[in-house]
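Remarks on the structure that follows.
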Amino acid sequence: MKGKVVKNQRLNDKYFFLEIKSEEFVTQAHVGQFLMIKPGSQEYTHDPLLRRPLGVADVHDGKFNLVYMVVGKGTKLLSEFHEGGMIEFSAPLGNSFTLLENKRVALVAGGIGIAPVFWLAKTLKNRGCVVDLYYGGRTVDDVVLLEELKENTDHLIVTTDDGSAGIKGFVTLPFKENVETYDMVYACGPKPMLKTVSEICVNAEVPVEVSLDERMACGLGACLGCIIYLREGDEIVQKRCCVEGPVFDGAKIAWDKLS
Amino acid sequence: MKGKVVKNQRLNDKYFFLEIKSEEFVTQAHVGQFLMIKPGSQEYTHDPLLRRPLGVADVHDGKFNLVYMVVGKGTKLLSEFHEGGMIEFSAPLGNSFTLLENKRVALVAGGIGIAPVFWLAKTLKNRGCVVDLYYGGRTVDDVVLLEELKENTDHLIVTTDDGSAGIKGFVTLPFKENVETYDMVYACGPKPMLKTVSEICVNAEVPVEVSLDERMACGLGACLGCIIYLREGDEIVQKRCCVEGPVFDGAKIAWDKLS
Amino acid sequence: MSDRLKTTFCGIEFKNPVITASGTFGYGLEYAKYIDISKLGGISVKGISLKEVQGNPMPRIMETTSGMLNAIGLQNVGVERFITEKLPELRKHDTKIIVNFWGKTIEEYVEVARILDEADVDMLEMNISCPNIKEGGIAFGTDPKMTHEVTYNVKKVLKNKPLMVKLSPNVTNIKVYAQACEQAGADAISAINTLLGMSVNIHNRKPNIYNITGGLSGPAIKPVAIRMVHETFRTVKIPIMGIGGIIDWKDVVEFGLVGASAVQVGTANFIDPEIPLKIISDLDKYMAENNIGNFSELTGTVNLDR
Amino acid sequence: MSDRLKTTFCGIEFKNPVITASGTFGYGLEYAKYIDISKLGGISVKGISLKEVQGNPMPRIMETTSGMLNAIGLQNVGVERFITEKLPELRKHDTKIIVNFWGKTIEEYVEVARILDEADVDMLEMNISCPNIKEGGIAFGTDPKMTHEVTYNVKKVLKNKPLMVKLSPNVTNIKVYAQACEQAGADAISAINTLLGMSVNIHNRKPNIYNITGGLSGPAIKPVAIRMVHETFRTVKIPIMGIGGIIDWKDVVEFGLVGASAVQVGTANFIDPEIPLKIISDLDKYMAENNIGNFSELTGTVNLDR
Ligand SMILES: Cc1cc2nc3c(=O)[nH]c(=O)nc-3n(C[C@H](O)[C@H](O)[C@H](O)COP(=O)(O)OP(=O)(O)OC[C@H]3O[C@@H](n4cnc5c(N)ncnc54)[C@H](O)[C@@H]3O)c2cc1C
Ligand SMILES: Cc1cc2nc3c(=O)[nH]c(=O)nc-3n(C[C@H](O)[C@H](O)[C@H](O)COP(=O)(O)OP(=O)(O)OC[C@H]3O[C@@H](n4cnc5c(N)ncnc54)[C@H](O)[C@@H]3O)c2cc1C
Ligand SMILES: Cc1cc2nc3c(=O)[nH]c(=O)nc-3n(C[C@H](O)[C@H](O)[C@H](O)COP(=O)(O)O)c2cc1C
Ligand SMILES: Cc1cc2nc3c(=O)[nH]c(=O)nc-3n(C[C@H](O)[C@H](O)[C@H](O)COP(=O)(O)O)c2cc1C
Ligand code: FES
Ligand code: FES
């Protein structure tokens, strides 16, 4: 697919916000899905080689949004993409979150994990849920779009490791205090955080869905490069993060087997 | 060196005109020299890998101009370079044309060979020469900047292979008719044209300097990838096009040995 | 598409000479959702073994400059499940099926080949070159005697299907291996598999691939692949499928010129599933414009005069 | 620059571990106009032979995806002219001089080495791996017995200078060659030279390089180089100079982690003559920030635990 880059806006030193126009994409996308996006506009250069996976952060008015952090050459190149240009990307890929109605839910996001959570918050709110978002980052630069998030949540609890914004400390602490009040928990962020969130939920017997990140080459189940491991009964089974995921039941993930 | 791209303007389907601001470059450059320019702005992508050689087409007011034809991925990428951005390039490289004063000279340019010839025409004109420019291309799209060239020459004779601009036929024909009236001839263009021009000059006993093109990796004499061959007495000697050239005595070139 | 793309290879008629490479196109079905796979010349499926294989621990892939490393570890569902679960679905699409297969011993190779020979597939591609698996696999493709032996033994049991042997580029002299295959009765050669490479994360100082080394593929390796197909073509008479770094129709023509009768597109499928289809239509256009009646007219016509 | 970059390699003290690679830095003097070459750890000069060599006909170079092919044909001024015309000029710059050299026969190798052993140079680098020259050159680097023999014979005549042998990557098993060098008395190994590649112009159907095949260098080959340095480091005890695709300081660290005690920068010099100097200062910064007292602390410290 192809779409016009409407906005490619720097949020702070690390984060960017990208808005792309594409009816085709928008009509197909589900909350929790991702896409593979070509970081540059040139067909004839092959470095970087592969498209990069990014979570869909919102969908509205025939446009969709991505939020990304510049970490390497692909995201750097993306950050230099000129507004108005046409960008190439895949169809929406992967599975999606289970969407409840009229329930109390907690969303836990760590750093760039906010991307899919943004759209999720908005969607669940529209479905009548009470939505609490626990959003943690290393510093104030790692918690973005706070105004927009406030609008789409009932409670927004921000934490930073260094206290430069919100409460000082890990996001899992305030979340843990309230876990039992929720019907369902959704999380996206670094693996150690997801693991802790899942353990907290399992202990509290609250269902939890997490969105996982793995390096991806194809994004559609062919390369077998993005394996994650689930515990099913006594067995450890392999799943492709890109097709059977990126959203998994946090209670089933074999955390110690992940890379 | 680095400079700001002031203009990167499409002249027609194939040709572009680039203006770069750099006092440092301008103060060092001589007529006939070239530079090696990085086609993209990114440090962190390596395709295309090498800088590309382009002749200096003019120098004025702390700025210099390049004229280039899009033939492959390097020049394509260059054509997408955004105005206002900083571009990287080498110091001015290679030798330069012999600059006469107050003489009658002919300049013969074929296609993109116009680039160094543009600056040469202007310079010789400023030194009191009578400057006739014979400028040939395949079609009307291969003869560019005609207005500007008219200003800097005494006679501008344009030819195209298909007659879509100027006289129909090879540029060497009108040139040959007048060769004996010149004190010196300068030429840049495809090798078969340069060979013919040189032969015409040798027969007419008029000195001739030609600017040669070879694929280049380093541009400064280290890789030995750009060898051309001169006849010196009975011997064939090797020269590096980038250092001992790109300007050579047309009478000495061993045309049959060039690639 | 026109007739000019029709390609006869080992007596099999492919719609066109563009086949998707093993390990980069799953079992074909993964892509069927996104592109019309019946437009492909053929599909070489992920390397199949006698028993199901789980593959290597993660991480398994890493991008490098204009290339990627992989050490999937030959994960596959095994030959039985392939035939019962995948093949019937795949056969609904009108394209040729090449089954890439491997074993850890000659007996395993022979056994898988025997089963596939009776299955509804078009051709076998024997992978003797995968550098990722530690047990034996590597030995077959980097020892000419072993190459001969496994080829000879497999060929002996095949009654119905042509055998293509896929060569490893990680050898001093690929001609010796091509010759070994031809002499042992192989019907065709495919070349190349991945180059053995490695990459390290300088921050945590660990290899970027769990397996430490992995196979390098993508445009970065194309010059090596072109050279090896050229050398192979000058050495043997059996046809060659050219593989390595193909991204566009120009690459396909280049492989043709040095001796490929057909090609396989690998890593490019990851970049964009549309690429093989785009190659096919661009190639058709190029051939029409240049009055090339059939891809075979290009094969091996590089001009070596000087 | 600080002391932390000082690198002792074969008993020679280099200012820093960044040396410019043979064939990519001329005789050093070409670059002296553009950068301060005395800031380099050292310079490995263009491969020198007994007599002057004109090299191959043109074309000699071609860019490929993130790499380049070359078949210069080892053009050089010969050892006598090198010593009289180039060396005195070069010696005015305070950096170490490594002389890359080669021959067509063992006698030639020995003869050049003998002459260089008496010259004002710091170290010899024996190129047994250049894939471009047809006469013999290729045989030394792709036959372990020949590797041993030429190394042994050259080492025998050297009284003053350490001998580094430069390995070819175009082999099935580089460990065998590294061992052959060590056993024959080599003081160090440099790896890798270029990968043998080819490219064809699809319009005129001619090879893009007159010599048909050429050596592939640049970032495209880095994963192969990293793998081979890793394998070499795990095989021999003599120090290794890592080469292949280095563009920035991160590449240098990666080579260090897999076993390089110093590195050579090749193709990158063509892209921008400032690159090796930038690498040196960036490396210094990295080491300062990470409390690495000396580059040798990195050597071979890749973490292979799983
Ligand atoms: C399903 C999915 C959804 C994602 N959504 C987002 C998102 O919405 N916003 C966002 O900023 N990022 C997201 N990521 C991560 C993003 O894909 C990587 O940051 C990006 O590919 C890095 O590319 P690069 O070229 O900039 O970095 P590279 O130069 O490729 O690598 C730089 C560093 O990032 C690491 N890295 C590379 N790929 C990944 C990856 N897939 N996951 C984690 N680390 C990686 C590398 O190991 C390396 O340390 C997502 C990843 C997945 C798999
Ligand atoms: C001293 C010198 C001065 C030059 N001045 C100009 C100039 O002022 N304007 C201009 O447009 N071009 C000029 N050229 C040619 C220019 O360098 C090439 O067109 C350019 O490098 C092609 O790069 P690319 O990546 O677009 O093409 P590639 O993808 O690298 O190649 C595309 C095609 O161009 C051919 N090509 C590549 N490099 C060269 C080369 N150096 N010379 C001739 N053909 C080549 C290739 O063989 C191929 O057929 C000059 C070349 C030299 C050596
Ligand atoms: C992720 C991945 C998995 C692969 N698996 C196999 C395999 O199972 N069997 C095989 O013969 N080749 C396998 N290959 C090699 C490819 O089929 C192909 O030979 C190689 O990638 C070079 O082509 P390319 O540069 O077009 O990718 C694999 C390659 C990749 C990238
Ligand atoms: C144009 C060119 C010429 C070379 N000449 C030599 C040579 O004379 N002797 C030698 O040992 N290696 C030679 N090499 C190989 C380099 O020294 C180096 O080993 C190789 O290019 C890989 O490093 P890189 O990827 O950093 O370029 C040459 C390489 C290039 C590109
Ligand atoms: S990214 Fe290829 S299988 Fe998941
Ligand atoms: S381009 Fe390298 S020597 Fe001329």
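Note: Cβ is positioned from N, Cα and C throughout, glycine not excepted.
Feature annotation from TrEMBL assigns active site, nucleophile to D:Cys130. Annotated FMN binding site per TrEMBL: D:Ser22, D:Lys46, D:Gly47, D:Asn100, D:Asn127, D:Lys166, D:Ile192, D:Gly218, D:Gly244, D:Gly245, D:Gly266, D:Thr267, in sequence order. The feature substrate binding site is assigned by TrEMBL to D:Lys46, D:Asn70, D:Ala71, D:Ile72, D:Gly73, D:Leu74, D:Asn127, D:Asn193, D:Thr194. Per TrEMBL, the feature domain 'Dihydroorotate dehydrogenase catalytic' maps to D:5-287.
Annotated features taken from TrEMBL, shown on the structure.
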residue  : record           : Cβ contacts under 8 Å, 6 or more apart
D:Ser22  : FMN binding site : D:Ser44, D:Val45, D:Lys46, D:Gly47, D:Ile98, D:Asn100, D:Glu125, D:Asn127, D:Lys166, D:Gln264
D:Ile192 : FMN binding site : D:Ser129, D:Leu167, D:Ser168, D:Pro169, D:Ile221, D:Val224, D:Ala225, D:Met228, D:Val229, D:Ile243, D:Gly244
D:Gly266 : FMN binding site : D:Thr20, D:Ala21, D:Gly23, D:Thr24, D:Ser217, D:Gly218, D:Ile243, D:Gly244, D:Ile246
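The local packing around D:Gly73 (substrate binding site), expressed as other Cβ atoms within 10 Å of its Cβ over all shown chains, amounts to 21. The local packing around D:Thr194 (substrate binding site), expressed as other Cβ atoms within 10 Å of its Cβ over all shown chains, amounts to 28.
With a cut-off of under 6 Å between the Cβ and any atom of ligand 4, the binding-site residues D:Gly47, D:Ala71, D:Gly73, D:Asn127, D:Thr194, D:Gly266 reduce to D:Gly47, D:Asn127, D:Thr194, D:Gly266. Under DSSP, D:Gly47 (FMN binding site) is assigned to a strand (E or B) in the three-state scheme. Per-residue pLDDT, averaged across the domain 'Dihydroorotate dehydrogenase catalytic' (D:5-287), gives 95. Comparing Cβ neighbour counts within 10 Å across the binding-site residues D:Gly47, D:Gly244, the minimum falls on D:Gly47. Binding residues for substrate (D:Lys46, D:Asn70, D:Ala71, D:Ile72, D:Gly73, D:Leu74, D:Asn127, D:Asn193, D:Thr194) extend across at most 16 Å, taking the greatest CA-CA distance. Classification of D:Ile192 (FMN binding site) by DSSP places it in coil, neither helical nor stranded. There are 31 other CB atoms within 10 A of the CB of D:Ala71 (substrate binding site), with all protein chains counted. According to its DSSP assignment, D:Asn127 (FMN binding site) is in a strand. Residues D:Ser22, D:Lys46, D:Gly47, D:Asn100, D:Asn127, D:Lys166, D:Ile192, D:Gly218, D:Gly244, D:Gly245, D:Gly266, D:Thr267, recorded as binding FMN, reach a greatest CA to CA spacing of 19 Å. Other Cβ atoms within 10 Å of the Cβ of D:Lys46 (substrate binding site), summed over all protein chains shown, number 26.
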